[in-house]
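Scroll down for the structure; my scribbles are underneath it.
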Amino acid sequence: MAEESYDEECDYLFKAVLIGDSAVGKSNLLSRFSRDEFRLDSKPTIGVDFAYRNVRVGDKTIKAQIWDTAGQERFRAITSSYYRGALGALLIYDITRRITFKNIEKWLSELRGFSSPETVVVLVGNKSDLGQSREVEEEEGKTLAESEGLYFLETSALENQNVEEAFLSMIGRIHEVLTQKIVLDNRLNGDGNNESNGAVVPPGKEIVNIHEVTATRPLSTSLSNCCYK
């Protein structure tokens, strides 16, 4: 169950990005996840936008900083700074427009060119509420995800279907990857319970902090910060 928390202190920051063609629903997915809002008159993103949401992992509060960028070619100059430091990505297409699915290969190639090999990627087929206009079958999305080693699900920002699941599965997997890396690094360094790469591994504790993850406090913002337990 999610609950609102406007002033809760946060322990760590995870940056994630939304990627895909213009008008696939990136902004509405972000507003649905961060503020539980949906706008039928949503306008294309100009440049870059971002929002926060707090997620509880073990005994830590993680602030998920989700970045949304315009899908238009004229904004591609911001590419490198947009991807820098991203630990996760939602790769989004519109199930009613096949061209947006075909372009996933381009977006994935760009992501892999600018991000770490450990970046967690979730393939998202959005607008599942428009099944009568579907041009991309769900099985096609699953097949592509399996071939590329991605997670997959279909969402509807309008009906709030699988939106939580898409973001939280990404954040949860980021936590798993970082925890495994910390444990492995500590074993290689012979420091089972000592500090390594900016993290401490206490017995029985879940670890989320390495050099890519930054300790932070909530910023003063009008956006809702929700904790998921």
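Including glycine, each Cβ sits where the backbone N, Cα and C put it.
What Swiss-Prot annotates here:
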{"type": "BINDING", "residues": "20-27, 68-72, 126-129, 156-157", "note": "GTP binding site"}
{"type": "MOTIF", "residues": "42-50", "note": "motif 'Effector region'"}
{"type": "LIPID", "residues": "CYS226", "note": "S-geranylgeranyl cysteine"}
{"type": "LIPID", "residues": "CYS227", "note": "S-geranylgeranyl cysteine"}
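Location within the structure of each feature annotated in Swiss-Prot.
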residue: GLY20; record: GTP binding site; CB count, 10 Å: 25
residue: ALA23; record: GTP binding site; CB count, 10 Å: 15
residue: LYS26; record: GTP binding site; CB count, 10 Å: 29
residue: THR69; record: GTP binding site; CB count, 10 Å: 23
residue: SER128; record: GTP binding site; CB count, 10 Å: 20
residue: ALA157; record: GTP binding site; CB count, 10 Å: 27
